[in-house]
Structures are given as structure tokens and as C-alpha cells.
Amino acid sequence: MTAGSVAKDHVDPSVVTALVVKSSKPGIALCSFGIFLERWEVATNTFRAPPYHRNSAVEFLGVVHGGFGGRSEGLKPGGASMETGFCPHGVTNDDFVKGVEEEQVPHKIFVGTLGIIWETSVPLTVSDFAMNRSGKLQNHNAAMWDELKPNFLKHIDTVNADLEAAGLPPLGTIKANGIKKGINRVNGTNGIHGTNGTNGTNGVHKIKGINGHGTNGVNGKHKHDEESQLEAKLRSLAIPHELYGMKRLAL
């Protein structure tokens, strides 16, 4: 099984799907099974590596033979890794830097490799034997992520220009005093996790009225004045839903 050539953008793993088990809900698979084999990578003007993301599905990735780096420094033939639903994941910093700086010429990837992946819409758990008695559990070193930097912050001026061109308020409208009184409070009122709490009464991802009328306000009981300025800034960069389909922002 191979994927066809794609001139631009990352190939979604659904391209390598071999088998699908339907669920009772249309459009949602109970389980999908995919195979990664040697293929050509030809995309240009593209971040070729898998982007950082999270899924509603659970991913279970295994290596039959060859190498399949990125998620763990210890993923070897016969091994497997699992990302639970909504768990952020992606490649190592070295792979990220390579994806940004490498000369984008056609070359083969997954040479000599057979990788497999299951994605399922139902929760999975790891057995007690695997976790505590198999002797095969890798003590993953989280330090492999230490070099990752919030590169998005380098592009705030460009993002704000795009927002203004679209008739939307710039990210700079999120005031520091609002952050102190409630995480991501927009101008001090009714923001994401703002004074009216998670999913504030005036909407998730609300910036001056965007996506208004949410529910489940909790009257601002979750204040986090102890957050560092960087953490508060990162949390404040909430992109309105209207922008999700506009353009892909390169890191």
C-alpha cells in the first residue's frame, strides 16, 4: 500500500487506512486500521512532519519492523505507543527543526519499515500486566520535549494583521489585567475561563462578542494569579472559530 503524490500539505493518516469497522453513528468509525510503508515524500512549501495535534480518537501505533521515530526515542520493532483521546502529541524538537529547515526535495520515507496504527472512537486503557508486570514498559523521558518553543509568538504581528483584514479584533485586545482576574479574560469580561468561568456565560472563545451566548458559567471562581506571564500569554491566544477555515498558519 502506498499513498499518491501530494504536491502540498501533510498527508493525513486516513490515506493509509486499510480496514474500517463502522460504529452505530454515521461518519464515526468504531475502529480504523492503517499501514505505513515505504513511499515518496514530494510535498513542497509544506511542513512535512506530522503537525502537533490532538484527536477525539485514541491512537495506538506499533512498529513491526524498521524505524518509526518521532513520538518516542524508544519506539522499536515490536513496540507500541498509545495516545489517549484529546492528548496533545507530535514529533520531537529535532524532527520539528528538520521539518522547518530541510531542503524540500523528493525522497523516500519509511524505507524498510512496516508501521501499523489503530484509531478508535472508544476509550482504551492499558492492562495491569502491561503497566506493572510485563517488564517492557518504557520509562519515557519527557525531557525530549524541553527544547520546543512557542514559535507562534513570533508571528503575532502577522496574525493580528490577518485578523484585522478579516474584520476581527486583534489578539492584543486581551488585556493583562483581564488575565490576572481570570485566565484569558477578554477586556475583563466574559472570556474563556474568565470571570464567568469555564465556558463563560457569553461564549467559548468569545472576543468582544465573537461566538457569543455560551453556557455553564461558574461566576469566575477559578482565578489563577500565580500563573507566569508566558503561560498566561499562551492561554490568552484563543483563535476565534471563524478563523479555523481561513488559512493555515505556518509555524
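Placement of Cβ uses the backbone N, Cα and C atoms for every residue, glycine included.
Note that TrEMBL annotation is computational and uncurated.
Under DSSP, H10 (active site, proton acceptor) is assigned to coil, being neither helix nor strand in the three-state scheme. Annotation comment: TrEMBL describes H10 as active site, proton acceptor.
Annotation comment: TrEMBL describes H53, E59, H89 as Fe cation binding site. In the structure as shown, the Cβ atom of H53 (Fe cation binding site) sits within 10 Å of 9 other Cβ atoms.
Of all the Cβ atoms in the protein chains shown, 17 others lie within 10 Å of the Cβ of H89 (Fe cation binding site). Annotated homogentisate binding site per TrEMBL: F68, H89, in sequence order.
As annotated by TrEMBL, domain 'Homogentisate 1,2-dioxygenase C-terminal' applies to 2-152.
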As a test of the contact definition, list every same-chain residue at least 6 positions from H10 (active site, proton acceptor) whose Cβ is closer than 8 Å to its Cβ. A43, T46, F47, R48, A49, P50, P51
Taking DSSP as the reference, which of helix, strand or coil describes F68 (homogentisate binding site)? coil
Could you tally the C-beta atoms, other than its own, that fall within 10 angstroms of the C-beta of F68 (homogentisate binding site)? 23
What Cα-Cα separation, expressed in whole Å, is found between H89 (Fe cation binding site) and F68 (homogentisate binding site)? 15
Non-local Cβ contacts of E59 (Fe cation binding site) (under 8 Å, 6 or more apart, same chain)? M82, E83, H89, I117, W118, E119
